[in-house]
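Here's the structure we're looking at; comments come further down.
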Amino acid sequence: MQIFVKTLTGKTITLEVEPSDTIENVKAKIQDKEGIPPDQQRLIFAGKQLEDGRTLSDYNIQKESTLHLVLRLRGGMQIFVKTLTGKTITLEVEPSDTIENVKAKIQDKEGIPPDQQRLIFAGKQLEDGRTLSDYNIQKESTLHLVLRLRGGMQIFVKTLTGKTITLEVEPSDTIENVKAKIQDKEGIPPDQQRLIFAGKQLEDGRTLSDYNIQKESTLHLVLRLRGGMQIFVKTLTGKTITLEVEPSDTIENVKAKIQDKEGIPPDQQRLIFAGKQLEDGRTLSDYNIQKESTLHLVLRLRGGMQIFVKTLTGKTITLEVEPSDTIENVKAKIQDKEGIPPDQQRLIFAGKQLEDGRTLSDYNIQKESTLHLVLRLRGGMQIFVKTLTGKTITLEVEPSDTIENVKAKIQDKEGIPPDQQRLIFAGKQLEDGRTLSDYNIQKESTLHLVLRLRGGMQIFVKTLTGKTITLEVEPSDTIENVKAKIQDKEGIPPDQQRLIFAGKQLEDGRTLSDYNIQKESTLHLVLRLRGGMQIFVKTLTGKTITLEVEPSDTIENVKAKIQDKEGIPPDQQRLIFAGKQLEDGRTLSDYNIQKESTLHLVLRLRGGMQIFVKTLTGKTITLEVEPSDTIENVKAKIQDKEGIPPDQQRLIFAGKQLEDGRTLSDYNIQKESTLHLVLRLRGGV
């Protein structure tokens with residue numbers, strides 16, 4: 001195909017190229033035509049400097065595209081790089097060098113990998129693809145080198161519309177940097193962004209670590225409406241104060257403005273709008289407070305009130321408090337009276353556990369209200385609840401919590417009424433009145449949440465003879481229950497029944513709703529053949545294991561038998577037959593595995609690893625892989641996720657195209673490495 005190269009003088013050169021030509025090849029063609037040495041050429045396309053080792057198709061350069069040629073200045077210049085230890089490094093550079101090039105030079109001198117380097121000039125973090133001249137970095141300028149804490153971290157930014165944005169950041173990033181990243185993702189100018197964390201508005205010049213923002217923290221993004229507005233604040237004496245505000249101001253900001261005008265400390269102010277007490281961390285727009293709205297200001301009484309605290313032993317304690325006291329303050333008063341450390345206290349009011357940072361008035365606790373005090377078994381713990389959609393919820397619980405309490409916490413988080421929740425642990429449905437410790441549920445255990453569909457339903461079971469049986473069931477029935485119903489109707493013992501739905505063999509401990517079996521679904525009943533057959537499993541050490549199996553056994557069943565014999569957990573086993581990796585849900589007969597066949601057992605390196613695949617559109621795909629996966633396997637996983645046939649995929653790592661038959665470990669591709677995916681153009685262009 002033909003492409004054009006435009007020089008700074010305005011001259012246009014025409015070149016004959018192919019999509020597979022490297023940038024290096026193109027520079028050689030320019031040298032042939034114009035006599036300019038490749039090392040003095042910089043080629044730019046779509047605003048990006050092109051790298052020698054990449055191809056035209058990598059950059060999606062098509063026929064009749066125009067590249068721009070910039071000449072490198074001869075001679076270059078010196079710049080200095082100062083590290084946090086105070087050491088200064090001198091580098092030979094050119095104005096046209098990219099920040100990436102500069103980091104490579106620092107790596108040559110100091111051995112610091114580029115991905116751990118952050119370069120700062122004039123208070124700004126420098127981006128890899130930009131050049132020194134883009135930032136007006138001149139000879140003898142000094143850059144500052146900050147090391148990235150390994151790998152950075154992810155934080156979330158939640159907008160008022162409920163959308164959540166994920167950002168890659170570092171503790172040392174300033175709020176200004178974070179706003180710039182949000183602008184890159186969402187297009188919102190930084191001057192219209194207000195970021196809130198823990199009820200505080202974040203200041204541009206401070207860093208995430210200044211605010212103790214850690215990995216997976218959630219910031220709230222509020223948009224500044226241009227212009228602001230006036231609101232009125234009416235006191236109990238009848239006086240009205242006028243304030244200049246913005247919809248994005250927090251209640252805390254408003255109280256500060258009232259203090260400026262009237263001298264009333266914020267902690268003595270309670271603001272009421274539409275009958276509701278306003279919380280410090282929320283904004284005016286959260287409460288739909290618009291221009292010329294009127295808030296009511298009530299002063300907190302200094303005198304306070306009495307409340308009662310009832311313990312599980314039946315003892316009642318009387319406390320002197322104020323509506324503005326936090327739950328933390330109340331716990332401290334209980335400690336003074338009873339000697340119970342606050343971290344062992346849980347306070348309950350109106351069936352809700354009270355949070356330390358909230359006040360009594362937040363919970364509408366009034367004089368002579370009674371709180372209930374429950375003691376924490378030291379420390380509490382976290383457990384996980386996995387839903388059928390695959391979502392995992394984290395709960396703070398204690399061994400003494402009842403299943404009922406746990407369902408209430410799930411309702412708080414997810415809005416699912418307790419009477420629609422069924423919790424399963426170790427294959428057992430959990431009963432409301434029992435505690436977590438009754439079921440030996442320990443920290444970081446995972447419960448499974450199944451939703452009860454209201455009422456029962458009919459399903460059909462079809463036998464191999466063609467007979468159809470009708471059963472009355474509920475979505476919450478286990479497969480074991482269903483087999484018992486079949487035994488009642490047909491006299492077939494459960495251990496001779498195999499039930500199949502949507503091509504999958506159903507497991508006894510799972511429920512119909514686990515498999516999305518709905519009313520009038522049809523299951524297939526297959527009788528287990530008595531007798532079975534033997535197969536062999538060969539390990540990488542050369543050891544051969546003999547197993548008694550049936551053609552109808554699933555690969556999952558086979559892995560369980562291997563675990564029984566050899567102690568290898570199923571999630572570390574990969575079984576290979578006829579060169580194919582076998583999938584858990586399929587049966588031996590699906591793969592035509594017959595008596596005395598030999599399977600090969602490969603151990604997964606514990607847990608596998610994640611890698612990233614970046615496309616030319618900038619999209620990043622995350623894959624679960626193992627070092628022993630071949631490039632062919634990886635392409636198949638990409639096809640599963642993205643629908644791109646393997647024969648149209650080219651994978652690049654460290655500038656090298658990866659070959660199908662080699663493994664990830666052959667190329668030293670480790671966890672969280674990034675591969676680049678280039679699509680093969682069919683034919684020429």
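Glycine is no exception: its Cβ is also placed from the backbone N, Cα and C atoms.
Taken from Swiss-Prot, the feature ubiquitin cross-link applies to LYS6 (among others), supported by experimental evidence. For the recorded site, LYS6 (ubiquitin cross-link), the DSSP three-state label reads strand.
Residues or ranges marked as ubiquitin cross-link by Swiss-Prot: LYS11 (among others). The Cβ of LYS11 (ubiquitin cross-link) lies under 8 Å from no Cβ of any same-chain residue at least six residues away in sequence.
All chains included, 22 other C-beta atoms sit within 10 angstroms of the C-beta of LYS27 (ubiquitin cross-link). Annotated ubiquitin cross-link per Swiss-Prot: LYS27 (among others), in sequence order, evidence recorded as a curator's inference.
Summarising the annotation, Swiss-Prot assigns ubiquitin cross-link to LYS29 (among others) and lists experimental evidence as the type of evidence. Around LYS29 (ubiquitin cross-link), taking its Cβ as the centre, 17 other Cβ atoms fall within 10 Å, counting all chains.
Annotated ubiquitin cross-link per Swiss-Prot: LYS33 (among others), in sequence order, evidence recorded as experimental evidence. With a cut-off of 8 Å between CB atoms and residues at least 6 apart in sequence, the same chain places ILE13, LEU15 near LYS33 (ubiquitin cross-link), listed in sequence order. LYS33 (ubiquitin cross-link) falls within a helical segment according to DSSP.
Positions annotated as ubiquitin cross-link by Swiss-Prot, on the basis of experimental evidence: LYS48 (among others). In the three-state DSSP assignment, the secondary structure recorded for LYS48 (ubiquitin cross-link) is strand.
According to Swiss-Prot, the ubiquitin cross-link annotation covers LYS63 (among others), on the basis of experimental evidence. DSSP classifies LYS63 (ubiquitin cross-link) as coil under the three-state reduction.
Swiss-Prot lists 1-76 with the feature domain 'Ubiquitin-like 1', giving sequence analysis as the kind of evidence.
The domain 'Ubiquitin-like 4' annotation in Swiss-Prot covers 229-304.
Feature annotation from Swiss-Prot assigns domain 'Ubiquitin-like 5' to 305-380; the stated evidence is sequence analysis.
If you look up Swiss-Prot, you'll see 609-684 marked as domain 'Ubiquitin-like 9', on the strength of sequence analysis. Helix, strand and coil counts from DSSP across the domain 'Ubiquitin-like 9' (609-684) read 18 helix, 28 strand, 30 coil.
Residues or ranges marked as phosphoserine in Swiss-Prot: SER65.
Taking all protein chains in view, 11 other C-beta atoms sit within 10 angstroms of the C-beta of THR66 ((Microbial infection) ADP-ribosylthreonine). Taken from Swiss-Prot, the feature (Microbial infection) ADP-ribosylthreonine applies to THR66.
Proximity of ARG54 (site 'Interacts with activating enzyme') to non-local residues of its own chain (separation of 6 or more, Cβ distance below 8 Å) is seen for THR22, ILE23, GLY655, given in sequence order. Residues or ranges marked as site 'Interacts with activating enzyme' by Swiss-Prot: ARG54 (among others).
Annotation comment: Swiss-Prot describes ARG72 (among others) as site 'Interacts with activating enzyme'.
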Cβ-based contact of the domain 'Ubiquitin-like 9' (609-684) with the domain 'Ubiquitin-like 1' (1-76), 3 or more pairs under 8 Å: yes
Listed recorded sites LYS6, LYS27, LYS29, LYS48, filtered to Cα within 10 Å of THR66 ((Microbial infection) ADP-ribosylthreonine): LYS6
Alpha-carbon spacing, LYS29 (ubiquitin cross-link) to LYS63 (ubiquitin cross-link), which is rounded to whole Å: 16
Spatial neighbour of LYS6 (ubiquitin cross-link) that is closest, considering only the recorded positions LYS27, LYS48, LYS63, SER65 and their CA atoms: SER65
Proximal but sequence-remote residues of the same chain as SER65 (phosphoserine) (Cβ under 8 Å, at least 6 apart): ILE3, PHE4, PHE45
Which listed residue (LYS6, LYS48, LYS63) has most other Cβ within 10 Å, given these are recorded sites: LYS6
